[in-house]
Ligand code: NAD
């Protein structure tokens, strides 16, 4: 099969980690008989330098026409003084909006070989962590009505509004149940239905959608309890589904449990098969251009792309297995290095994963 991928290397370590991922995809193509074609486009700081805009129209057009988008990272100190719509990070929000990507999928997997990297005790980690956070991405309080008013109870006050429509909740709930079907058939809905009206609607809609998935077990948890349970007994979770703001916070907490930011991939999905895939880390300007970045988060993002946008499960698994094997042979980039392990750079890590694919 033939797939067109728009690549956005972006800033800092972005180009380095994208390069390794493209090599892996090319090899997957050779091994499994697919053709991946890449079209590089501008976004972030590099786009500001070349065009004056963090997200040029041409980038949006090319991404819309592609089968999937692979992004490195955007931003860096060079553009820190810019404000509002001119900031590199605006490119991310702009792309999500333009491509209609409303579901953010963040798996938090603790590899057996990296148990030492987790801040949690090994008795809590048990035989490993494999959680998938499904976060609503385009609604809720981050996009609701906001403002300031003079006549607050104690003077000037500011407000932000949390609002969700039935349709918005239905589609994110379906995404979560579909993903749970491919995993361990369990969805934990996280809300604050004891206090918030928006959460009460959210919960009732999730319950309605659950009726379409009798094979999946649904449980509800208040967000404060979920934050606690993630640390207390993380193995109880399979898929967590939640709102934009709760998901923002809980997905970072879940990532931290796995230890390294350089290991974690993400996907943003919408109605069709077009998705945007990116590591959860930023542009790491402190190590950019030094062959020190861990490319695994981006490599695993390509595995998600194969799974969610192209329906290539076997090929996705091949990449994930190759990463596990390289870690099992004690190779580590600096961010996941520990005593007795073999320190390698970005390119070497990419090469070793490549070798395990054949
Ligand atoms: P960061 O994720 O870039 O870096 C945090 C720390 O983690 C740094 O010490 C960095 O060296 C390390 N790190 C990150 N990724 C790594 C990797 N793959 N391998 C090894 N070490 C890695 O976060 P930050 O420092 O807060 O932000 C730097 C810039 O990136 C800022 O301009 C920020 O706005 C931007 N940012 C972009 C995205 C994105 O593009 N999705 C996300 C977060 C931050």
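Yeah, the Cβs are placed from backbone N, Cα and C, and that goes for glycine too.
Summarising the annotation, TrEMBL assigns domain 'Isopropylmalate dehydrogenase-like' to 4-353. For 76-89, 282-294, the entry in TrEMBL reads NAD(+) binding site. Marked as substrate binding site by TrEMBL: 96, 106, 135, 224. TrEMBL lists 142, 192 with the feature site 'Important for catalysis'. Look at TrEMBL and you will find 224, 248, 252 tagged as Mg(2+) binding site.
By neighbour count, meaning other C-beta atoms within 10 Å, the densest spot among the binding-site residues 80, 224, 248, 252 is 248. Each of the binding-site residues 284, 288 was scored by how many other Cβ atoms lie within 10 Å of its Cβ, and the smallest score goes to 288. Cα distances from residue 106 (substrate binding site) to the binding-site residues 80, 88, 252, 288 are smallest for 252. Here residue 252 (Mg(2+) binding site) is compared against the recorded positions 135, 192, 284, and the shortest C-alpha distance is to 135.
Here the candidates are the recorded positions 135, 142, 192, 224, and by Cα distance the one nearest residue 84 (NAD(+) binding site) turns out to be 142. Close to ligand 1, meaning a Cβ under 6 Å from one of its atoms, is not one of the recorded positions 96, 135, 192, 224, 288. Calculated from their C-alpha atoms, the gap between residue 96 (substrate binding site) and residue 88 (NAD(+) binding site) amounts to 14 Å. The closest partner of residue 224 (substrate binding site) among the binding-site residues, by CA position, is 248; the full candidate set was 76, 80, 248, 288. If you measure from the Cα atom of residue 135 (substrate binding site) to that of residue 192 (site 'Important for catalysis'), you get 15 Å. Distance between Cα atoms for residue 284 (NAD(+) binding site) and residue 142 (site 'Important for catalysis'): 25 Å, as a whole number.
Looking only at the domain 'Isopropylmalate dehydrogenase-like' (4-353), the predicted model's pLDDT averages out at 96. The secondary structure of residue 84 (NAD(+) binding site), as reduced to three states from DSSP, is helical.
Using a 10 Å radius centred on the Cβ of residue 76 (NAD(+) binding site) and all shown protein chains, the other Cβ atoms total 21. Cβ atoms within 8 Å of the centroid of the Cβ atoms of 224, 248, 252 (the Mg(2+) site) belong to the same-chain residues 223, 227, 245, 246, 247, 249, 250, 251, 253, site residues excluded.
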